[in-house]
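Written out below as structure tokens is the structure these notes cover.
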């Protein structure tokens, strides 16, 4: 079988699996976040944290819950790393340095999972399981909760109440993430992913000498790493490591886990707003962008430029033979168009244009289909902008789902869109202008600039993947990337929740003959165009200096 055909068949199998899961999981999520009943274990959790799950919150109270919970998570994870040297199950690893502990705590709480450390050489069992794995669950649940709050803003009228953050958080963990992760972990273990608490083993090599291998609770962390679009690997090689991702089947299964909840949430959006077709319009836009990026990436990496690449079947540098170009390209596009950041190949080794595609996927805002929760609310904000643009073109007040998009709403949407590019470009410019950050660059020229641009794009968009040529374990990068991750995660949430509160207070406007039909393919095309044009205008100069210059020079 040719590598191209193998890649196409994987794409078709993945699409079929997602299509089968879309309706039942989307319906289930709608029931979870609409049910007035609480499970017994949920009641125990509410009692233990002193929360009243039946109290409705306005957007400032909802935001305070998000920020307070996340701040507590940062402090706990920071202290856990700083105390690792005296904790049991540390495997003899020392405590983490302050700047790296801050970076890692910010990274995992912000659902970014940027890693400036070698997982198997720095983190013991306690930090991995009680710290990092726990944040993989709760940070994903926070993202879903904020997305559901925005959906309620569209669905509700004449009220400022958006639900209860603590109830949404707990339900996301207990009813959604834990059950799916439990089943997924069993599947991964059955396919060869390790799950144990063994120590460090010294093994012999075929060519002589010895090598140290770590055990660990890898399968349980691997599944939520993908399902929660987190991305932080147990091992430094991430999902390229055979202990995390041993076969082509596990590779495809992990891609399925990454896309599962973001795709299903579009169905949940349609059900909760009373129009399933609106959900399909959003899903269609996401799917079209994702499919276009996959096709472009495969074409770029399969393109033959000389006899060596032709003999290898394409650009195989940095890719695992067991996955090939098809599986690697599919994973790379999926992980950067969502907020996952896990890798089964090394993006720095992709062709110049291939690396640019991964970077552009993050620059879009990771909304196709995006991260768990963050993808949906990011695309809905872009839908508000697209409706506003359409209203300007026809000269009537823009409306979306029966809600008027006025000055207040478009200001919130504009602030949401501007915050991430500002972080990316300001931090990148500072790193390039100052002498110290440049010492961390392995490469010079266009590729060296791409390493810096990729790092801040990844951090600010809460992705976490990296161009491996950059040494990010320095005080400058640990501090600035950590700050970018926190600001890139929580400042946009402020505007999302403010937008939700503004929409929820409105009275529905009845549709008329002149109302834009936002469930039609025409609007989906307008939405996709708005996403691509806004991103292109914002980032094109930076992309021209980095991946485009490198790709065109090749």
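Cβ coordinates come from backbone N, Cα and C, glycine included.
Residues or ranges marked as transmembrane segment by Swiss-Prot: 3-23, 60-80, 131-151, 174-194, 252-272, 279-299, 323-343, 352-372, 375-395, 412-432, 481-501, 522-542.
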Intrachain residues whose Cβ lies under 8 Å of the transmembrane segment (375-395), provided they are six or more past its termini: 146-147, 150-151, 154, 229, 262, 265-266, 269, 282, 285-286, 338-339, 365-369, 405, 409-410, 413-414, 416-417, 492, 495-496, 499, 514, 516, 518, 523, 526-527, 529-531, 534
Contacting positions for the transmembrane segment (131-151) when only residues 6+ beyond its ends and CB under 8 Å are counted: 33, 59, 62, 66, 69-70, 73, 76-77, 80-81, 104, 108-111, 113, 123, 162-163, 165, 168-170, 172-173, 176-178, 181, 217, 220-221, 224-225, 227-230, 232, 261, 265, 268-269, 272-273, 339, 371-374, 376-377, 380, 493, 496-497, 499-500
Surrounding residues of the transmembrane segment (60-80) on its own chain - C-beta under 8 Å, 6+ positions past either end: 87, 101-102, 104-106, 108-110, 126-127, 130-132, 135, 138-139, 142, 145-146, 149, 162-163, 165-166, 169, 486, 489-490, 493-494, 497, 501
Most Cβ pairs under 8 Å with the transmembrane segment (412-432), selected from 3-23, 252-272, 279-299, 323-343, 522-542: 522-542
Closest-packing stretch to the transmembrane segment (522-542), where packing means Cβ pairs under 8 Å, from 3-23, 252-272, 279-299, 323-343: 279-299
